[in-house]
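S.K.: Dumping the structure here so I can ask a few things about it.
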């Protein structure tokens, strides 16, 4: 158990051993272990405990005198005090644990591996799927089913190594080397690849199978991706992790909750995030802690899992070098004090971080080229004949062995050194170091035989930690009940953190209930309310059933987090599932009572206590059952794209087979079974029986009736189905039996069946939650458009997780390639730049009088501590800010910047944002066509793109598809593309780059700097922020702008050869000397007191302002302004642009050129997204076929006409699913546009919004054809046109209405999402408006039956005209023939039935089936479909009017979408002041945090969206 998670803030005491001495003792112990065979686990743990006790006795705060859980406030053991020492705490905790006899024994877990081979199946490249070629995948599927497998890809080959308990292993290698796969293999996470059966892994006597099954949480893999619940605070997030792994017995007498809180506080203090305790974690869309802090939250959570074997995959990504060193220092302390084992893959490891590790593994394309002590690794390769350049770190030197572009060979060794991965591996296999390693592995395996004594002790320790109720073989610590309780607590915290969805859902349901109730207000207790009561109960049961539909989206959002916690063995996914169900119960209960209470009593449903409670109870049970239904769909599928189409068809089926839209007697025989598995059908029958059974309803309308029919008794009959001649009322039981086939005896039986459905679906949900995981990434393999690249099947290994190796093939670029970058002449300068933002009514200064310039042919680094405002300054200079107040002077050749400045500069953002479906060449071409000056011919722009591809060495993957992160281009290729997109625009002024090397390995970082160096040599002006680079990278910059906290300048000037000028400035002004081997970039942070643990008494900002260098900067700025202001030509080369007004426009391309290019790209995107198009097609075809064949050839009976009407009504349920498909797609498009393309002035917002609306129209046209054919003809609506010989015309008219319906749905989706941030909120808004449109369209209740207040809603509802048009086209001008149960029977007063009914028929219509009979007349009250149409206000004469009005709504949606987008999302310019007001810079804000703050303008936009 890792009792001491370690810390960033470890403050050693004067009598406490230093980290270095402790590390040396550890190495000494290792050497003894290697020389005297492998020490036993007990011996090693004994040594660790003895060392810890020795150090503890020397500590000022001895653990014998103080319990960490009862530490004195302000002491070194108090994590909430300012003097906290993580090392002192760890030793005190260990002593407390050792002194407690009831505490569980400590566990350690080393690992040996030999003959380790890992492989996968697939290709190094793949073809891009499109709407046209996806069918070719069927061929490959058939081959796979026939037993043919894809090509075997070797990922790791013949790996051997030994990492003992208490040791640290660093894994080095470029992307694609297999580092991620190796770490995953050690922890048993082998999804997507296979471990060879002959591979040997030994975890100190524990086998890999036992590790995965019984001890999963004892070996954890921490990926570089940060996934957390965004609306939970950091403190609660870490408390949960600590509580989930809390042992049964807590040493020191603390309770479990006290233990969890204490561990949380300790880990937060250790990693420097105590100040974020009450701040939500956030994510890319929800503002929370900064990116660096979120990374430390992820690290802290993993540490709290207390795993004895920890594998960290690039977990320092996003941290600067100082924090990366502290992270390694923390791991060092864990291993030495607690015996944990740490394996870390790290990029750009600083030398200080590398020195903390015991051993190093170097991988080269899956081959092991070295494994052994870190202190001997460098000499191993030097002995081969390689040279380590000055100031290159050991880690970078070892990694450079895997690149022929970077490794340097000693003179005379050119023909002796290895060159290929196989040659390096062969040299390793023949080495003395490998022979020693094999000997150590052999002794280790013999000492720790699998299934031996150590396994039993490991089990005993694990069992002592577990809850008593937990199974011995379970990997979890808490019992299942405890897991549920803990997850229930977190669910409550999540609900408190973000109650908006719950509140909005409850309010939405209450509003809908009020609206529906007002529509059916105070129904009469007579037969005139029969249809209305049925409609009301149908609507009520459907709303209750589908109120949980959005739970699918919630489950998919939390799925990655739950699966991560399951891998950490914190809890069963099913425990979280049960907790979420329990947490939803109060809301569902309250919602069921409030909504149904309003609906039940306002509408005058049966006002009896028993019936009311039965109605609420049935609705509540059905809500729970359908919640299980939606959760089951989400858990059984692996992605939302898979789930939505199936959910849509199932929702349609469940709705249709309730028994209301299609009565049981009208259900086709082949589909009647669907009603038996429809829980909604059972619920509807029960509440219909509950409402009608045992009641008598007075008759309102009799047949015959009128002035000539003053009759009674058996001579007239109530016109309602279920009536009896001569009876003045209709029994409710007769009505529901005749109309729906319902029986009162099935009322409670149906509730029991619904309960059974709930139990079955709940079981499916829980089992699937535990065993079905979400869809995994396929890996970063290149994807080409079919026909644009031949698959190369001869290449080497691929790292499933890490991607292909860097594709650079040439060390140098030809001078001809460099020459395509036109020489720049403009100089950009800035003076006294200040930037203020408003934070909680307080004006805060972020940048404080910053000066500088960037000249052509120079590479300037912008550096500073975290929170200094580096990215903020870059955004201000590049005119990317939309908030705050900017003051100062920013000039281009002595002149103010104009509207064209943004498009004339290139800005390569840190995030590599690109359209995933485009190829590299297309992305570059798009930028060139829209951002290069308009006067340049199109052919020249395209030719320029080809030259940029050559310059950036992207020829090999120029036609590859970008893909999404994790699939497609790897990190280096994406970074090259990001820079290429800016270069393709031919920036006339300069190039901004924000952290171009962040998260990259040293080789890739060097390659990026190579590229920047090429651009600089050809006259490109470059300003680049960079996170504390290595010494070799830092030397490549010409100038440095160095900021301290508060955005204040510390230094601006030349760097000098070997940083001599920079070093001289700081030493001359009181800084300590820079050691020869030190990294100047890290040294200068220590000098100004910005590095962890460093301090200075010198005010370096004040020193700069008083220095001669500052005076020179001011003088030179004035000189530049005076000289350059004489120049009037802002162009780089072409004099023809001197007086071209177009060169000063905001956008380079005219609007219609923008619109054409954007429209073309969006069309290509949809064509290359077959999942989107085919899911849309599947949704339309499946739903229409389902409806069509469920109502196959519906006859023109009274109920048949109702069925035909509901066939149209049911089709409208496509609406919600249709817009839910469009909205997420639009959100992804908008994110790219607003993050990269809008700030760079690539094209206007009008082109963006219009293109996204129009691109849906042709696909909707195709979908309308499919939907029409699969729906119109099966139902038999075409037969109604045969009487008037207008089959073709009526068919065409129906297709037009189907077409305009889909057009309306598409534009409505854009109308909803245009101003809102998330598809979920827009979906809620859309569903509410859709519900209102359906309620007021005239189907469920006619205009005559509506309260007069709602008549305006009937007239403004688009569906009113859609229903009127479709009903008239589908049903008009046809005869009606009643079914046997629909005829009304009565006796005539005298004469025949025909004579008796003649006057009534002339007045009301209908026909007599037996006109010549003199008794028992059979009368059908309707003989013409036009009579039915009049009841719903649908007339064929208004067909074209209704069609035209629908297009009015479509056009309105489109214009409303544009207007709302402009109103709520188009940014307004920040305030710019010539002179800055004197504001004290209080504290510092992380640049990430600053960018994430809400400005006054953004706040207004957010308020507009919220108000909307």
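Each residue, glycine too, has its Cβ placed from N, Cα and C.
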S.K.: Which residue range, 473-493, 536-556, 557-577, is the one Swiss-Prot calls transmembrane segment?
M.R.: 536-556
S.K.: Among 1206-1226, 1227-1247, 1248-1268, where does Swiss-Prot put the label transmembrane segment?
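M.R.: Residues 1206-1226 are the ones Swiss-Prot records as transmembrane segment.
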S.K.: Can you say which of 610-630, 673-693, 694-714 is given as transmembrane segment in Swiss-Prot?
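M.R.: My reading of Swiss-Prot: the transmembrane segment range is 610-630.
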S.K.: Which one of 1149-1169, 1275-1295, 1296-1316 shows up in Swiss-Prot as transmembrane segment?
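M.R.: Checked against Swiss-Prot: transmembrane segment maps to 1296-1316.
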S.K.: In Swiss-Prot, which of 731-751, 752-772, 773-793 is labelled transmembrane segment?
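M.R.: When 731-751, 752-772, 773-793 are checked in Swiss-Prot, transmembrane segment belongs to 752-772.
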S.K.: Under 8 Å, at least 3 Cβ pairs, sequence separation 6 or more: does that hold for the transmembrane segment (1206-1226) versus the transmembrane segment (752-772)?
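M.R.: No, the stretches stay apart by this measure.
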S.K.: How many Å separate the Cα atoms of residue 314 (N-linked glycosylation site) and residue 865 (ATP binding site)?
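M.R.: Distance (Cα to Cα, whole Å): 21 Å.
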S.K.: Six or more residues out from either end of the transmembrane segment (1443-1463), which same-chain residues have a Cβ under 8 Å from its Cβ atoms?
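M.R.: That would be 1245-1246, 1249-1250, 1253, 1293, 1296-1297, 1300-1301, 1303-1304, 1307-1308, 1310-1311, 1314-1315, 1358, 1361-1362, 1365, 1504, 1508.
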S.K.: If one measures from the C-alpha of residue 868 (ATP binding site) to the C-alpha of residue 231 (N-linked glycosylation site), what distance in angstrom results, rounded to a whole number?
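M.R.: Per the Cα atoms, residue 868 (ATP binding site) and residue 231 (N-linked glycosylation site) stand 27 Å apart.
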S.K.: Using only C-alpha positions, which one of 83, 231, 1390 is spatially nearest residue 869 (ATP binding site)? These are the glycosylation sites in the record.
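M.R.: That would be 231, nearest by Cα distance.
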S.K.: Within the same chain, where does the transmembrane segment (501-521) have neighbours whose Cβ lies under 8 angstroms from its own Cβ atoms, ignoring anything closer than 6 residues to its ends? I mean 6 or more beyond.
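M.R.: Those are 495, 532, 535-536, 539-540, 543, 547, 550, 554, 587, 590-591, 594-596, 598-599, 602-604, 1320-1321, 1324, 1328, 1331-1332, 1335-1336, 1340-1341, 1346-1347, 1349-1350, in sequence order.
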S.K.: Output the single range from 536-556, 610-630, 643-663, 752-772 maximising the number of Cβ pairs under 8 Å to the transmembrane segment (1322-1342).
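M.R.: Most contacts with the transmembrane segment (1322-1342): 536-556.
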S.K.: Quick check: of the glycosylation sites listed here (83, 231, 1390), which one has the Cα closest to that of residue 864 (ATP binding site)?
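M.R.: Answer for the nearest of the glycosylation sites: 83.
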S.K.: Restricting to the domain 'ABC transporter 1' (136-390), what is the model's mean pLDDT?
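M.R.: Mean pLDDT for the domain 'ABC transporter 1' (136-390): 88.
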S.K.: With the transmembrane segment (610-630) as the reference, which stretch in 536-556, 643-663, 752-772, 1172-1192 has the largest tally of C-beta pairs below 8 Å?
M.R.: 536-556
S.K.: Can you tell me the CA-to-CA distance separating residue 870 (ATP binding site) and residue 83 (N-linked glycosylation site), as a whole number of Å?
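M.R.: For residue 870 (ATP binding site) versus residue 83 (N-linked glycosylation site), the Cα atoms are 31 Å apart.
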S.K.: When you scan the chain for residues with a C-beta under 8 Å from the transmembrane segment (536-556), skipping those not six or more beyond its ends, what do you find?
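M.R.: Tertiary neighbours of the transmembrane segment (536-556) are 501, 505, 509, 512-513, 516, 520, 523, 588, 591-592, 595-596, 599, 603, 605, 619-620, 622-623, 626-627, 630-631, 633-635, 639-640, 643, 647, 651, 654-655, 658, 660-661, 679-680, 683-684, 687-688, 691, 774, 1320, 1323-1324, 1335, 1340.
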S.K.: Who are the chain neighbours of the transmembrane segment (752-772) in space, where the CB to CB distance is under 8 Å and they lie at least 6 residues beyond its ends?
M.R.: 562, 572-574, 576-578, 581, 618, 621-622, 624-625, 628-629, 631-632, 635-636, 638, 679, 682-683
S.K.: Rank aside, I only need the closest one: which of the recorded positions 83, 865, 871 has its C-alpha nearest to that of residue 231 (N-linked glycosylation site)?
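M.R.: With Cα distances computed to residue 231 (N-linked glycosylation site), the winner among 83, 865, 871 is 871.
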S.K.: Out of 865, 868, give me whichever of these binding-site residues has the highest number of other Cβ atoms within 10 Å.
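M.R.: For the binding-site residues 865, 868, the Cβ with the most other Cβ atoms within 10 Å is 868.
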